[in-house]
Amino acid sequence: MIHYRLAELAELTRHLGRTRQVWQRSGAKEWCQADASNPPPLEAGRSVQSAKGFFFAEQEHIFEFDGRYFRETLPKPAPFALIGVSSCDLVAIAYQDQFFASDPHYQARRQQALLVGLECTVPCEHGFCPTVDAGPAARPGTSDLVLHPVGNGWLLTVTSEQGRKSLQGLNLTTAPEAMKQQRQAQLADCERQFPDDQHIRDGVQALNAGTVNASTWQQMGVQCLSCSGCTSLCPTCSCYGVQDQSADQTITRRRFWDSCLYDGFQREASQHNPSDDAGARVYRFWYHKFSDDFRKDFGRYGCVGCGRCEATCPGVIGIHSVMKRISQHD
Amino acid sequence: MTSLTPMVAELVDYYDDGEAARHFQFRLLDQQQWPPPEPGQFFMLSVPGAGEIPLTFTQLPDQNQHWWALVRRMGSVTSALFRLEPGAILGARGPFGRGWPRPGSDQTPVLLIAGGCGLAPLVSQAERLLEMNLGPVALIYGARSPEARVLGRERDRWQHKLALFEVIEQSPGQTARRTPLDALPDVLAHWGHEPGATFMCGPEAMMTALSQRLIERGIPPSSIWLSLERRMHCATGTCGHCYLSHRYVCQSGPTFGWPELELLMQQPVTTQTPPLLSC
Amino acid sequence: MPGKQAVQTICPFCGVGCGMHLLVDDQNRVAAVSPQGDHPISRGKLCAKGWSTPFAIEPGDRIRQPLIRTDDGFRPASWDEALEVIRYGLLDILSQLGPTAVGVISSARASNEDNYAAQKFARAVLGTNNIDHCARICHSPTVAGLKQTLGSGAMTNSAADIDSAEVLVVWGADATENHAILGGHIIEAKLRGATLIVVDPRRTRLAKLADLHLQVKPGTNILLVNALLHEIFRHGWQNQDFLDSRCEGADALRKSVRDTSPTQLADAIGVPAEQIEAMARTYGQANSAMILYGMGITQFVSGTFNVMALSNLALSCGQIGRPGTGINPLRGQNNVQGACDMGCLPNVYPGYQDVADPAVRQHVSDYWQCPLPDHTGLTSMGMTQAALRGEFKGLILFGEDPVVTDPDQNEVLASLKALDLLVVAELTMTETARHAHVVLPAASFAEKNGTFTNCERRVQRIHQAIPPVGEALGDWQWLGAIARQLGSSSLDWTNSQAVFDEMAGMTPSYSGMSYEKLARQHGLQWPCDDAAPEGTPTLHQTEFPIGRARLIPVHHVDIDEPADADYPLQLTTNRLHFHYGCGSMSRKSPLLERETPDGILFISPEDARNLRLKNHSAIGIRSRRGYLETRAIITDDLPPGLVSMPYHFSEAPSNQLTNRAMDPVSKMPELKVCAVRITPLPEGQAPRTIQSIRASAAPPSARENS
């Protein structure tokens, strides 16, 4: 792995901006397109939305139909770089890369992207990435470049061939060993600062052991307002619905983020609904994130420890609330 | 890559069958070809402007890519389909999923059990069995009422080839509800065989109860196969709607062996029991 | 792709006023929304409706240019042409019948700037006080009731107070469905240890989580309050210091509840006396207790009295004027508070300044530099009645769909048909717009700047994120264009800030506000003036606007239409988390539409069994006023004898059935209860929409008699 010292981040942004659109988080903690010649300061920590929407779009067209032929409407984005993807979100992208490996719409966008990670040096509110092996250090194979703040500058680590190529033409100096050591120290220090995660470990164990009784899930089902906040902000949630729309002579099918917490998610036209119990739907969500059954298929849990569900759930059944509840029941 | 964009298909023909059910014949246009489907597999039919739904084949595509499907008018997509006339341009993707296993000669006699429109996914399996001529075949067919029965032509055709037992849930003058589950002991006694393989499709509660009953009779769980119905939007294992535990019915199903399905159906929160025959 | 930019704004749905960012893509579309993490109320959360905002405002079926009615529908027209038709129409009516024959119905969804412009247009340009908006059908009894008892008709406390209250009383409000983020705060408070008491005929989500649920019979609110007061006075739980120093009328109130013991009233209320006693004990002895209420209080013929009863309860225990207390109406629409504040009511100018007061009128007349009408105007329902009598001929209406949301739709339809000129400005073709002579394309909240005032009196900025669709204009802009057609320059503002500044200059409670100041923090809560430059989270801390609060004894009022042999079930109305108002926005989301696709009726298992209904059975529902068909959903959230319908669905609008009997004070119709009869439709027969029922003749009599 190659490590560089980067004095000015803007140098990298300007360089990448010559061949790509550059996206960074704005002051509102949202991903926005940045003016590469005059980029905003890089913010650490968790963005409100993960980078999921760059690849698995919140809404997109699948095809157009003119009355006789179907024309697939694949996106054709220009090359782009995401600068400052947190380690947990990098893991989530790698997870979705697996899930959407054969999805042409996802891959059309993904293949145009350069991922520049940003490692956190302090835990974020509700975050628990170390518990689920997703941070604070960027995990191998999840990024192209990784940034870590050291002193007034940055340690820039090349983590992929694409990352190496993207730096061609940029004059960089190799990072001294001390910078690498400082990164390690900062990461270790960050990890130590995470609050106790015993409830999550116990909760996951209870979930997999099947020792959580139905009434516990049903009580949490009462608290689920079916707002779709958790599934929208969860960086690994991937369910979608489709809808046909007609305009003039063209019919367009679009897909959009869906949520397994909706009562209508599995309801069939006959009104038969395999998941008509709100408690069953809440269980489903957490089973999908933390079941060993999925772990066998994906090599890891479906949760990357970002804590967004806890932050956004109006019914107080985000990760910490749920794990505390289910780790206390048997 | 697995495209979500359908091939162009045409509505060729249709005829009515039972209550609000209709047989449709489709064909692929523009010399497009599908890989040959297995009995029990399904395809996605697009009615442009209305949406896309999974349908089973009642007759598998022939060499000219013509095939039949039975559709019950239920929601907005099927209602739109029922308004179409031959010549209408549609979209189709497929074939998808795991079909019924091909029974070996050691798996006879074969019992088929269907509830309502659940007979549709069993038609091509029944035809295959009759063609293979492995041994006796029986079909228990349950329906809500005499009028709700479907696939009359097929049942007529099978009359002398398999043992057909029809069970009507509510018929005039009959007070007690009678379902394939109630009829099972009588049917097996009358038929005089214990099945070596059972294939069934119908409401989930009915299939679950039937499987348990068969196992109680000493029939090996691994010889029981079921076909499930789920809401589906992709058939490629990505939209998430047809989840069953950690599997997606569109890929791991729609047919399941009972031992696998029993595991997948285990979950801490059970849902309300649907009506026994609702198709 | 996520947005190229993130624009901070306020959710356009309910009165909670959650903070959100609109993520705008490179084609100037709102690609997504995102919750605003540092917002004081929503704290990084949104409800199902908020999350669906991109669907709600997508341009697909938006009205893009003015439309003029022709013999066979509408034809597109230019703004000039449309304005001309409006001008001739208005001038005709004005010359024949004068300004009492015209009026404006503004919108609780539109901005403060739009609403200020609407009432100024009515008063200064048309010369009439015929200006109203839909607060009539949600919280007019609140304004009428609390104005009398406290002197101010708004939420006395703030959303943040839910966090600090020891006891929370949720009365006739389904907060998790209608004000979901506040509902979430209540869940959070309950989990942290607050005592939650729910008073509701339905077993709402909060009722399921509550420490105490009083499942009262509809229309027994005053009985319950008086029973509680009886118990409180009997045990001496009243706050005597507060009664002595801040209130008047305590003795009369106390006398009036002498014979209203829980034991005596339990049967009439429909809950055991022990529950009433427990509630009295909990509320009466709490250090801080907060009442949050909704339309289960206001939508009765006794609406104003119900509000006054709640006021009596809060005042008697001194649960007002401190953090974690108060009497707090949960307002329905994103800006219903603002529309009231702006004076879109027939009797008050902005800031609730009395139209009938000559000094006030002179002051406003000087400020606007024009003469003003001296008579109180017509309410929206007054306009309906006057139109039916032929005395009211011209109506300008925006952002409202009374054909779906008003009680007694058939009458509303007849009144609209009696108009010579109906101008409707809307985002999409609503049921009401279909009856217009001129339809104007209105800009959505994402397409304009301005302010909304949420239910806790917080004035918050909305920011334009995308250009208006087609030729759409903001409401204050097209109102200004009509004014210019009529020769008036009084609505000639250059931007929304100029409208706000003019408004703040004449509205005492907003006088300390400016766009700059609103931007510095997350809005300001009125009153915001020289005395309270940073706004007022808690009202009535040291005194009431009327000095001492008034305790006014109120007595039970029977519901207008109890169940009887012909109509044996009581129908109440409710709202769903997934939908909003007439559904014109929320139903554009395929996800929300999928949740409850058909228009539905909720019914208890017992009633369903008696009627031989299965879940999702098709049914007909008849009241003395109308007939609908829909599907039944069986739920034990409803007690036997009571059925409930949401009003969001134009195919099966519950307001086809509801009663028009009104609260005499506020003119609020009794939407919360009427008598109905339910009959199953034959097996296999799908419910018909109201449109096809109307198109066919009356339903076959066989069905009626079955």
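Note: Cβ is positioned from N, Cα and C throughout, glycine not excepted.
TrEMBL does not curate its annotations; it predicts them automatically.
As written in TrEMBL, here are the features:
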type    : residues                       : note
BINDING : B:L70, B:V71, B:R72            : FAD binding site
BINDING : B:C234, B:C239, B:C242, B:C250 : [2Fe-2S] cluster binding site
DOMAIN  : B:4-102                        : domain 'FAD-binding FR-type'
Inquiry  = For the FAD site (B:L70, B:V71, B:R72), what does the 8 A shell look like? I mean other same-chain residues with CB within 8 A of the CB centroid.
reply    = B:D17, B:A21, B:R22, B:H23, B:F24, B:L55, B:A69, B:R73, B:T78, B:C117, B:A120, B:V150
Task = State the mean pLDDT for the domain 'FAD-binding FR-type' (B:4-102).
result = 95
Key: Chain-internal residues, separated by at least six, CB under 8 A from B:C242 ([2Fe-2S] cluster binding site)   = B:R230, B:R231, B:M232, B:Y248, B:V249, B:C250, B:G253
Ask   = By DSSP, what is the split of the domain 'FAD-binding FR-type' (B:4-102) into helix, strand and coil residues?
value = 7 helix, 47 strand, 45 coil
Remark   = Hits for chain A proximity (Cβ under 8 Å) within binding-site residues B:L70, B:V71, B:C239, B:C250 read B:C239
Note = Cα-Cα, B:C234 ([2Fe-2S] cluster binding site) versus B:R72 (FAD binding site), nearest Å, comes out at 21
Key: Other residues, Cβ within 8 Å of B:C234, B:C239, B:C242, B:C250 Cβ centroid ([2Fe-2S] cluster site)   = B:R230, B:M232, B:H233, B:A235, B:T236, B:G237, B:T238, B:G240, B:H241, B:Y248, B:V249, B:Q251
Ask   = Which binding-site residues (B:L70, B:V71, B:R72) fall within 10 Å of B:C239 ([2Fe-2S] cluster binding site) by Cα distance?
value = none
Query = Quick one: what's DSSP say for B:C250 ([2Fe-2S] cluster binding site), helix, strand or coil?
reply = helix
Key: Secondary structure of B:C242 ([2Fe-2S] cluster binding site) (DSSP, helix/strand/coil)   = coil
Request  = Mind giving me a neighbour count for B:C239 ([2Fe-2S] cluster binding site)? Other Cβ atoms within 10 Å of its Cβ, every protein chain shown.
outcome  = 22
Task = Give the three-state DSSP assignment (helix, strand or coil) for B:C234 ([2Fe-2S] cluster binding site).
result = coil
Inquiry  = Using a Cβ cut-off under 8 Å and a sequence separation of 6 or more, which residues in the same chain sit near B:V71 (FAD binding site)?
reply    = B:A21, B:R22, B:H23, B:F24, B:L55, B:T78, B:L81, B:F82
